[in-house]
Ligand SMILES: C[S@@+](CC[C@H](N)C(=O)[O-])C[C@H]1O[C@@H](n2cnc3c(N)ncnc32)[C@H](O)[C@@H]1O
């Protein structure tokens, strides 16, 4: 790392870490830790170990997590475009693991973009239950949506809302909530030198207040008995031990519970917050000088089963609102069914619950929560984007391609990962190829990557324009 660390930061860390300070500072002279997390919605861990073109080293606190060496470029490999893995620095793999999402649950990832933890939570759900992945910034919400799509997630709803607005709609609704809070980003100094420029003591204070507001909203949305994980990628006690202590003072209905992997994660520091609470030892610090990772803070909390819910959730209007039932829905479903029977007859049955189809404009989605009403919320995606209803035809969505396997489609074109045709496809070029006319699933070593349409000795390219490699 070449940029100089802010003096106010190093002085504070020295006064906190004492004899460990030199080792902490030394960690900034080492290269960053590269990680990837295998996406079990596309390939299981052991199969990926066999297939991987990169050297892999297991990360102890995340079964699907691996380090890869400097110089490997997994983001530039077609397997990345197929969604076989998500690039994530190793300590950032800990919060979603700690949350312990189970298939069938209702999960909220409140500060979700660009989606590292959301894709991990979706994998834990194994397609069952509901994930709401929320991001406040519109552009970042779009990146989140694309990453969930690439990782073949079918049961996520992507919203672009403030925590407060979500809170009004979903009181006491979730089994588990992740607050991966906006923070001063001291754990990013090694990876992103811009984070050093952005940092200031005032920013630390500002983030602390923002974190408390976000946590208040999360507290209201969690069902009694539910689990909340709070995480940051900063070292400032004010944003970690102090945010949790203040939260617990404001919310006696919550208690800290121990985190897994005490052999890897150092305990939180009771002396770094006021009033001093011994339970802070149950929170965790991931230090860059004690493990290979950029650093994180984690706290796992439970909302007591018998917590007084002073405000009971309002009676939800479960009936679908008119906007979700636009004119043309029937025709859209018919167009989909015609497409599905012709192109993906084996999957058509799985995606046939009439109540799950949602039409937004000309975009057809298959909802994981058909009884929920999304009117009035900024929603980017509700479950699986099936495709676009065009005049007299249905054009399948990229998201649909990514959830399909070759056995599910009538026509597919497979290429080996090192075949130049794959690069041409990713650049958006048509491929010269003979085949049955019509929609064709393009696969790389058997893993779907997108659609093509076969006609006149060519496979026309339907890889989305915004994703094309240049
Ligand atoms: C640490 S990042 C999230 C990283 C993400 N969980 C992941 O694993 O890819 C924090 C996110 O919180 C968002 N954010 C900023 N201000 C916020 C606020 N007031 N309420 C909710 N989220 C906010 C930021 O835009 C940012 O995307």
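Each residue, glycine too, has its Cβ placed from N, Cα and C.
As annotated by TrEMBL, active site, nucleophile applies to 233. Sequence annotations record features per position, and here TrEMBL assigns S-adenosyl-L-methionine binding site to 111, 112, 113, 114, 115, 116, 117, 135, 180. The compositional bias 'Basic and acidic residues' annotation in TrEMBL covers 301-315. Residues or ranges marked as domain 'SAM-dependent MTase RsmB/NOP-type' by TrEMBL: 24-304. Taken from TrEMBL, the feature region 'Disordered' covers 301-326.
Taking only the Cα positions, the spacing between residue 117 (S-adenosyl-L-methionine binding site) and the residue listed as 'active site, nucleophile' is 13 angstrom.
Separating the Cα atoms of residue 115 (S-adenosyl-L-methionine binding site) and residue 233 (active site, nucleophile) is a whole-number distance of 15 Å. In the three-state DSSP assignment, the secondary structure recorded for residue 113 (S-adenosyl-L-methionine binding site) is coil. Counting only the Cα atoms, the space from residue 111 (S-adenosyl-L-methionine binding site) to residue 233 (active site, nucleophile) is about 13 angstrom.
If you take the Cα of residue 113 (S-adenosyl-L-methionine binding site) and the Cα of the residue listed as 'active site, nucleophile', they are about 14 angstrom apart, rounded to a whole number. Residues 111, 112, 113, 114, 115, 116, 117, 135, 180 are recorded as binding S-adenosyl-L-methionine; their most distant pair of Cα atoms lies 13 Å apart. For the pair formed by the residue listed as 'active site, nucleophile' and residue 180 (S-adenosyl-L-methionine binding site), distance between Cα atoms is given as 9 Å, rounded to the nearest Å. A strand conformation is recorded for residue 180 (S-adenosyl-L-methionine binding site) in the three-state DSSP classification.
The record gives 111, 112, 113, 114, 115, 116, 117, 135, 180 for S-adenosyl-L-methionine. Within 8 Å of the mean position of their Cβ atoms, the other Cβ atoms in that chain belong to 109, 118, 133, 140, 144.
There are 24 other CB atoms within 10 A of the CB of residue 113 (S-adenosyl-L-methionine binding site), with all protein chains counted. Take the CB of residue 180 (S-adenosyl-L-methionine binding site) and look out to 10 A: across all protein chains shown you find 25 other CB atoms. For the domain 'SAM-dependent MTase RsmB/NOP-type' (24-304), the mean pLDDT of the prediction comes to 97.
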